[in-house]
Amino acid sequence: MEIFYYIVFGVLSAVVAVLELSRTSKDRVATSSAFTSFKNNYLVVYSLMMAGDWLQGPYVYYLYSQYGFDKGDIGRLFIAGFGSSMLFGTIVGSLADKQGRRRACVTYCISYILSCITKHSPQYKILMLGRILGGIATSLLFSAFESWLVAEHNKRGFDAQWLSLTFSKAIFLGNGLVAIISGLFANLLADNLGFGPVAPFDAAACVLAIGMAIIMFSWTENYGDPSESKDLIGQFRVAAKAIASDEKIALLGAIQSLFEGSMYTFVFLWTPALSPNDEDIPHGFIFATFMLSSMLGSSIASRLMASAKPKVESYMQIVFIISALTLLLPVLTNILVGPSTEKGSSISFGGSIQLLGFCTFEACVGIFWPSIMKMRSQYIPEEARSTIMNFFRIPLNIFVCVVLYNVNAFPITIMFGMCSIFLFMASVLQRRLMVVAESQKPISKTQDWIPSDKFGDEEPLTA
């Protein structure tokens with residue numbers, strides 16, 4: 001493997017280490033032993049759930065290409081995943097609020113394990129079924145677990161400020177450290193040990209099974225809407241009314257859809273962008289580098305949110321602009337540098353520049369996650385949290401499906417350009433959200449989301 005990859009990874013590691021070691025203890029919060037036990041249990045489960053997702057990330061596109069499918073076929077498989085998330089996501093989110101978040105979390109594990117098993121088949125229909133199951137699981141991952149945590153935290157009577165400790169450490173572990181380890185482990189299984197691209201999916205299934213066992217034996221059930229008279233349609237109405245009546249919620253949903261739509265399109269595009277002529281690239285190691293960049297972003301976000309200024313609504317405008325510029329790099333390099341023509345070689349000079357830009361984009365992703373969590377905690381009502389969060393995913397999935405459906409109709413540079421435009425739009429909407437929030441001066445019904453030192457309190461994580 002080229003030294004270039006090690007240099008990028010090493011520099012990012014050093015920067016993250018400096019940022020983390022330079023923190024002070026002024027933001028640490030004293031908590032109870034009961035809360036520490038509850039928090040660590042959730043962190044173990046959440047880390048396993050995210051590991052089950054991250055292990056698959058580096059080799060999804062590559063596995064499909066190894067089965068002989070072209071970019072259009074692979075695009076339709078991705079559409080199946082996002083389409084199922086759009087069609088079933090809102091329903092399962094509402095059922096999670098009504099029937100129980102713990103059941104929804106177990107359903108996530110079962111759906112994703114079955115999805116991993118389908119990867120052993122080269123048959124297109126079986127792989128399509130796996131993508132549908134994966135789309136349902138993704139909707140649950142990004143709604144049911146957060147909803148269960150918030151409700152259970154409040155039900156047990158813990159201090160509202162302590163919720164930030166669990167959130168911030170979950171981001172650091174699940175979206176940072178676990179993602180990096182998962183990428184490196186996937187690379188080890190598939191490339192170094194020679195087990196092939198399906199091996200990371202088998203590892204993911206095992207990790208998810210362990211997490212499901214912990215959920216079943218240690219989690220209690222909780223619900224969103226305590227009213228038994230409100231059916232599924234009633235929950236939809238509550239969520240739709242909240243979005244329609246509050247411009248801040250509508251703007252937040254649009255911003256989230258534009259950014260996450262661009263992000264998920266990037267997930268599909270980065271492999272062919274870095275290896276347009278089948279260049280030999282270490283997929284798992286590059287994925288781990290992306291996740292390290294995301295951890296860097298999370299560290300920066302923690303520092304930003306620890307101070308009163310700038311507010312999250314303010315600095316996210318800049319983050320979206322930087323994200324838009326980074327996804328313009330494939331367009332610029334194609335014009336200024338030109339594509340590589342040698343097949344099967346190492347990464348080209350233009351690819352190296354794009355890799356650095358993609359790392360910057362992933363750093364913006366790392367800033368986005370805790371920032372959007374904070375804004376959701378301020379603006380989304382608790383009684384329909386899962387339903388509203390999955391409502392946000394409807395335009396997101398439509399956007400991604402439209403892009404992937406036309407994947408063969410446009411050059412890859414055009415698709416990156418479209419994502420860049422959508423990110424600029426997100427910046428404009430973020431500006432509008434800040435103006436509306438300041439003009440209305442709302443009093444938040446929930447404790448403000450204040451990240452703590454080193455993404456958590458002073459107590460060590462224990463299983």
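Glycine is treated like the rest: Cβ placed from N, Cα and C.
In TrEMBL, the transmembrane segment annotation falls on 74-96 of the listed ranges 74-96, 235-257. Sequence-remote contacts of a segment are chain residues at least 6 beyond its ends whose Cβ falls under 8 Å from one of its Cβ atoms, and for the transmembrane segment (318-337) they are 259, 262, 266, 273, 348-350, 353-354, 357-358, 360-361, 364-365, 367-368, 371, 412-413, 416-417, 419-421, 423-424, 426-427, 430. Long-range contacts of the transmembrane segment (170-189) within the same chain: residues 42-43, 46-47, 49-51, 54-59, 195, 199-200, 203, 282-292, 294-295, 298, 366, 369-370, 373, 454-456, 461, each at least 6 residues beyond the stretch ends and with a Cβ under 8 Å from a Cβ of the stretch. Through the fold, the transmembrane segment (349-369) approaches residues 4, 8, 12, 171, 175-176, 259, 263, 266, 270, 273-275, 279, 281, 286, 289-291, 293-301, 304, 316, 319-320, 322-323, 326-327, 329-330, 333-334, 337-340 of its own chain, all at least 6 residues removed from its boundaries and within a Cβ separation under 8 Å. For the transmembrane segment (285-306), same-chain residues at least 6 beyond its ends with a Cβ under 8 Å from one of its own Cβ atoms are 1, 5, 8-9, 12-13, 15-16, 19-20, 27, 54, 57-58, 168, 171-172, 175-177, 179-184, 186-187, 270, 274, 312, 315, 355, 358-360, 362-371, 374, 449-451, 455.
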